[in-house]
Amino acid sequence: MAFSASQLLLISALFVLASWQQAIAFDPSPLQDFCVADLNSPVKVNGFACKDPMAVTPDDFFNAAKLDQPRNTMNKFGSIVTNINVTQFPGLNTLGISYARIDYAPLGVNTPHLHPRATELLTVLEGTLYLGFVTSNPNKLFSKVVKKGDVFVFPKAMIHFQMNLDHEKPAAALSSLSSQNPGVITIASAVFGSKPPISDDVLAKAFQVEKKLIDWLQSQFWDNTNY
């Protein structure tokens, strides 16, 4: 079937639009060898402005993160995440990567959450974890029990979680993420702890429960600082 010039132009435009959308779906690729973030720059860009290359030193590409050391997991969830992203490590700017250590108390949980800008690759350092992610509708769960040395990937923007299955011993994991600033949305605190709060009429209808239960849940998350 032959296409007219206008039809070919429209098809070409659609291909360009699709390619452009794919291109902007991830962190921008660097246009120079590096772009160490100038966290104090008044310039507002998608990411951070570059530090003067002449002022860059080896320390800009180094972070004494001490990720070999366990963290304190004494909170109501029994887990703590130590993030190493561009705000702690300016040398990551434009490189499309960040890192995190996750520590779990016995039976500790890294509660359901998502990273809107990153895929996460998790490696178990110690212990045994039950973990998984949930797809977009119709919400299929992919879960597995993983042990020391195992690796599991959480696709970008999928709700995921981890739990230490050991009743007595702590666990730990390292995660690499495909963004210098992956972001995190913790499901429970986003729904029940937003500021200002989502109307309890909306939440009661959505969860098909009485409003007094919604009020109680919101009271639990409103001042929560563990996230």
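Each Cβ is built from the backbone N, Cα and C atoms, and glycine gets one as well.
Record features, source TrEMBL:
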- 1-25: signal peptide (SIGNAL)
- C35-C50: disulfide bond (DISULFID)
- 65-215: domain 'Cupin type-1' (DOMAIN)
- N110, H115, E120: oxalate binding site (BINDING)
- H113, H115, E120, H160: Mn(2+) binding site (BINDING)
> Per-residue pLDDT averaged over the domain 'Cupin type-1' (65-215) comes to what?
Replying inline: 96
> In whole Å, how far is C35 (disulfide bond) from H113 (Mn(2+) binding site) when you measure between their Cα atoms?
Replying inline: 30
>> Which one is it, among the binding-site residues N110, H115, H160, that lies nearest to C35 (disulfide bond) by Cα separation?
In response: H115
> What is the Cβ neighbour count of N110 (oxalate binding site) at a 10 Å cut-off, with all protein chains included?
Replying inline: 24
> Within the chain of C50 (disulfide bond), which residues six or more apart in sequence place their C-beta under 8 angstroms from its C-beta?
Replying inline: Q32, C35, V36, A37, D38, N93
> Taking the centroid of the Cβ atoms of N110, H115, E120 as the oxalate site, which other residues of that chain lie with their Cβ within 8 Å of it, listed in sequence order?
Replying inline: A100, H113, L114, A118, L122, F154, H160, S175, L177, P182, V184
> In Å, rounded, how far does the Cα of E120 (oxalate binding site) sit from the Cα of H160 (Mn(2+) binding site)?
Replying inline: 10
>> Please give me the CB contact count at 10 A for H115 (oxalate binding site), counting all chains in the structure.
In response: 24
>> Is it possible to get the count of other C-beta atoms within 10 angstroms of the C-beta of C35 (disulfide bond)?
In response: 22
>> Around the Mn(2+) site formed by H113, H115, E120, H160, which additional residues qualify by having Cβ within 8 Å of the site's Cβ center?
In response: L114, A118, F133, F154, M158, I159, P182, V184
> N110 (oxalate binding site) to H160 (Mn(2+) binding site): how many Å between their Cα atoms?
Replying inline: 9
